[in-house]
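*Asks:* Handing you this structure, nothing more for now.
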Amino acid sequence: MEIQQQSIWDNMPKLQLQISYSQDKLSTANNSVVEAQEVSSLNCTPVMNDRKLNVQRKYLSGYLTTKQLVVHQILGFTLIWSIYGAAYYTFNLSNSYSILKHTFSLLGSWDSDCNPKGWYWFSAGMCLSFFVEVPIVMYIYQRLKLVNGKLAKWNASFWMVGVSAQFLVGCCPSTNSLIFGNVKFEDVHNVLAAITFICLLIGAPLNGALVGYDRRNSCTKIGKKNLFDHRFTDTCMAVILLSMSVSVFICVLGQMIDLLEIKSVPSPVWEFSLWENVIIFTLYLYLIWFPFTLPNRCDNVVSQQLIM
């Protein structure tokens, strides 16, 4: 017993040294934790801002779920057509708007015989359309690229050029005022409007081509089944494309009738303004309808990319 007690007393300095060493390590760890908390609290805002910017960037890139798309379209298109409604209302305060006599762009003209009191509403609606339509175009691209990446990229390029030209249409109203030299606002407006129509009327059939490509090539990245419900999609696609094709044909034919001054043809049916309005309404309906024909099970792929 005396030998054991003596050995314990002999080892006491070593034990005290080990205890003090452990306490020093514990205090150092506590200090590092406090410093880490302070640093994290200081860096909290930048991290959150980076996360928000990342979500916004992916939102504009089309990484939306179907539910998010529904909310986006309801809010976006309701606001757009409310603004167009304001332009229509102010137009009728000075004149009487008719789709048989007035093109859609004249809602944004400040000429005395058009919409001098509310032309800016049309410009606001056109510019807002760009910000509403870009996520939709990219939403379509993110899903159609699962069928054919190259064709989907070309398709998205046409749509992006079209909606960008649409934004510039809103910045350049259809009016007889001079913009520079002898060039009128109307001249620049007509060029931008033509680019918009050409690109969008190419993009819509390309969407249809990708749907047809999916029917022909059932083996896709998601599985060995078609991505689309073709019974519904093909029928609606045919109706939409047919209506746009007929509208374009009648617009061109109506212009030829005007140039040839053929008086025997009933003019209201062949008026360019009528069918231009029909094409515009059809394109808006197409942008609302077509994304919802794309497969919901793609949401799993998109959601995984969203959280990356």
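Backbone N, Cα and C atoms are what each Cβ position is placed from, and that goes for glycine too.
Curation plays no part in TrEMBL annotations; they are all automatic predictions.
Annotation source TrEMBL lists transmembrane segment at 69-91, 119-142, 154-179, 191-213, 234-257, 277-294.
Help me picture these features in the structure, burial and contacts included.
*Replies:* Using a Cβ-Cβ cut-off under 8 Å and counting only residues 6 or more beyond its ends in the same chain, the transmembrane segment (69-91) has close neighbours at 97, 106-108, 114-115, 117-119, 121-122, 124-125, 128-129, 131-132, 135-136, 139, 284, 288, 291-292.
Here the transmembrane segment (119-142) has long-range neighbours at 59-64, 69, 72-73, 76-77, 79-81, 83-84, 86-87, 90, 105, 107-110, 152-153, 155-156, 159-160, 163-164, 166-167, 169-171, 173, 175, 207, 287, 290-291, 294, 298, 302, meaning same-chain residues at least 6 beyond its ends whose C-beta is under 8 angstroms from one of its own.
Below 8 angstroms of C-beta separation, residues 103, 105-106, 108-111, 114, 119, 122-127, 129-130, 133-134, 137-138, 140-141, 144, 185-190, 192-193, 195-200, 202-203, 206-207, 210 of the same chain, each at least six residues beyond the ends of the transmembrane segment (154-179), sit close to that stretch.
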